[in-house]
Amino acid sequence: RWLACKSLPPGALERIADTIADRLRVPWFSGAVKINVSLVPPLVLLPVFLHVAALHFLLGLIILTSLPVVVLWYYYLTHRRKERTLFFLSLGLFSLGYMYYVFLREVVPRGHVEYSQVVALTCGLILMLAALSRAKKDPGYLPIPAGNEKPSHQGLPNKSVRGSSSGLHGISGAASSRAVNGEAKGYCRMSAEQPEGVKKDWCTKCQLVRPARAGHCRLCGRCVRRLDHHCVWINSCVGEHNHQAFILALSFFMLTSVYGITLTLHTICRGRTPFVALFYCPGAYSDYSSALSFTCVWYCAIVTAGMGYILLIQLLNISYNVTEREARLALRDNTGRRLLGGLVIDTGQYNRGLLCNWGHFLSLGSSPPQRSAEDIV
C-alpha cells in the first residue's frame, strides 16, 4: 500500500520500523545479539561523507554544511518523542577514533609531526575517554521507594516539605522511612545551610520527595540530584555525581582537538598560522591525502566549535551556581536575569559569589558535613 501511494493505518510505518529493528541481530555463540540501529549510521555514513567531501571543494562545502543540520534535525526528532538514542554517543566516539586514525595514517607519515607530539595527542585522547567513562556512571539517581505499593501523598503537608537549617527534614507518611542525604550542600564555610525559601517537592512519577535542586528526567525516567540536563552525547543525565567529570571530559576534548587541528594544519599548510590555514590553504586539494586531512580538520573544527559553546555555557552557569534546568525554569517563569548577552540566567537563589560558587561545584558528590548532637539540639 505504501509503494502504491495508498493510505496506511496510523502508526503502520513505525511498527514496521520497530519490527525491523528488533529482527536486526548478529549470530553469536550464546545466541543472536540484538544490534541497536542508532549505532550503525555513524559507523557507515561518516567515513563515506568525509571521503566524498575530499573529492572537491564544493562537495566538502555542501556535506560539511548539511551534516550539522541533519544532526540537529535528528536531535529535535528524538527529543520531541522523548526517546533515548545511542546515535550521538556512537557519532562522538567513532568521530574521535576515525579522526585519530586519519591523523596517524595521513598526517604523521609526512614527517613533520614529532614523536613527542603524537604521544601528547594520544595521552589527551586517553584522558578524555577516561573522564567520559566516569561521566557515564551514576549521575546521582534518587533511590526508588521499595515495595509495589506507591507512597501516599497524604503524609506530605502542602505537597512540599521545607528543609530545616539543621539538615533534618520531617517527612511524614510512607516516605518518612527514606532519608535523603546531601540535598543542601554548603556554598562556603560561612554559609553551609540551605537557603531560606528553598522547598522540596513531590515527584508524582517516581513517588518520592525530591531534595532541593533535584529534578526528574523524562528520558531516563528517574529523579537526579542537582539535575543539570540530559546530555545526548553521553546518553545520560548530568547531575551531582558526574558533573565534574562531564566538565573535565569537555575540557580534555577541547585541548586535544585544538592541538590535533594545529598539528594537521602545520603539516598540510606549511608556513601559515592555523587560523589562516583553516580558511586559506591553496595546496590542500593538490592530492587526495591532503584533501582528506583538510576535510577532517574542518569537521573537527565544526564539532569543536559546538562543544566549545557547550563548555562556555557550563562554565558560566557554574560561576553563577545555576544549573541548565534551573535556568530553563527561570526563563519559563520569568524569575531570572539575563546576563552577558543572554548566555547565562542568574536566578539569584544559590549565587554566593564566584569563589564560593566554584567551591560548591568542586565539592559536589562529597559527603555532607557531620553535625554533633549538641548542634542538632
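Cβ from N, Cα, C; glycine included.
For reference, TrEMBL has these:
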type	residues	note
TRANSMEM	48-74	transmembrane segment
TRANSMEM	86-103	transmembrane segment
TRANSMEM	115-132	transmembrane segment
REGION	143-174	region 'Disordered'
COMPBIAS	155-167	compositional bias 'Polar residues'
DOMAIN	199-327	domain 'Palmitoyltransferase DHHC'
TRANSMEM	245-268	transmembrane segment
TRANSMEM	288-312	transmembrane segment
Have the transmembrane segment (48-74) and the transmembrane segment (245-268) got at least three CB pairs under 8 Å, pairs 6 or more apart in sequence?
no
Can you tell me which of 86-103, 115-132, 245-268 gets the most C-beta pairs within less than 8 Å of the transmembrane segment (288-312)?
245-268
Spatial neighbours of the transmembrane segment (115-132) far in sequence, C-beta under 8 Å, 6+ residues away:
96, 100, 103-104, 108, 234, 245, 248-249, 252-253, 255-256, 259-260, 263
Mind checking which residues of the chain, 6+ beyond the ends of the transmembrane segment (86-103), have their Cβ under 8 Å from one of its Cβ atoms?
36, 38-39, 41-43, 46-47, 50, 71, 74-75, 78, 121-122, 125, 128-129, 232-235, 260, 263-264, 292-293, 296, 299-300, 303
Per DSSP, what is the residue count of the domain 'Palmitoyltransferase DHHC' (199-327) in each of helix, strand and coil?
68 helix, 19 strand, 42 coil
